[in-house]
């Protein structure tokens, strides 16, 4: 018999607790220390990887680990579980495969700054933790699949929010890649949600995982949403400060960082 402290249930609950516990220090640390890549790139975080390779590497557990773990779950053959995990996989197929390809194929007249290996390793570790939690939640630990009426209501409401967020996220990424391809260096993005917030790509991702939390109606889904805001909120504020410092009066001061009209 496997000792209790080695059981999957024990590992799952400890991992879930970890997800909630790392959110506050992540928020606080990123409030005072900018993530050192992109416009905030600086030395001291290990060798640099080409950005497409870094994104492929650090996001990859969301695909291979999810696909390895999902079939092991008690509910893996349940169409409701399969419907739930599909948006998660679609998002990360875009983030792991399509987005790095767009980076690779987007012409740029500037030499890319590179992506620090240290940051990529931390993101890889988080994605191992989170992919384990989300895959095991959906395929094994959710206990409300029998409640068909409320399940589909939550799923459809959450899916609408998720798709809205993903649409915003993908659109904003493409706008930024188009500006990069023009070879003019950093410019003030214009149009759409860029008129309201500095980082609509981050806003879209926060909205996505709010939808995921509603869809899954789980502690793991809620924890992922909380961590996403803890990670992206301070980074959006840092980006807004950077734009204000670089462009001064040319940058609209009424733009918020990531949540329109609020934050």
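Each Cβ is built from the backbone N, Cα and C atoms, and glycine gets one as well.
What TrEMBL records for 115-263 is domain '3-oxo-5-alpha-steroid 4-dehydrogenase C-terminal'.
Residues or ranges marked as transmembrane segment in TrEMBL: 12-33 (among others). Among residues of the same chain six or more beyond the transmembrane segment (12-33), those with a C-beta under 8 A of the stretch's C-beta atoms are 129-130, 132-133, 136, 141, 219-220, 223-224, 226-227, 229-231, 233-235, 237-238.
Per TrEMBL, transmembrane segment is recorded for 53-74 (among others).
Look at TrEMBL and you will find 81-101 (among others) tagged as transmembrane segment. Long-range contacts of the transmembrane segment (81-101) within the same chain, counting only residues at least 6 positions beyond its ends with a Cβ under 8 Å from a Cβ of the stretch, are 51-53, 55-56, 59-60, 62-63, 66-67, 70, 73, 75, 134-135, 138-139, 142, 145, 155, 159, 162-163, 166, 170, 173, 208, 211-212, 215-216.
Look at TrEMBL and you will find 113-130 (among others) tagged as transmembrane segment. Through the fold, the transmembrane segment (113-130) approaches residues 15, 18-19, 35-38, 41, 45-51, 53-55, 57-62, 65, 224, 227 of its own chain, all at least 6 residues removed from its boundaries and within a Cβ separation under 8 Å.
What TrEMBL lists as transmembrane segment is 151-172 (among others). Below 8 angstroms of C-beta separation, residues 80, 83-84, 87, 90-91, 94, 144-145, 192-194, 199-201, 203-217 of the same chain, each at least six residues beyond the ends of the transmembrane segment (151-172), sit close to that stretch.
Sequence-remote contacts of a segment are chain residues at least 6 beyond its ends whose Cβ falls under 8 Å from one of its Cβ atoms, and for the transmembrane segment (209-230) they are 16, 19-20, 22-24, 26-27, 30, 84, 87-88, 130, 133-134, 136-138, 141-142, 144, 154-155, 157-165. TrEMBL lists 209-230 (among others) with the feature transmembrane segment.
Across the domain '3-oxo-5-alpha-steroid 4-dehydrogenase C-terminal' (115-263), the prediction's mean pLDDT works out to 94.
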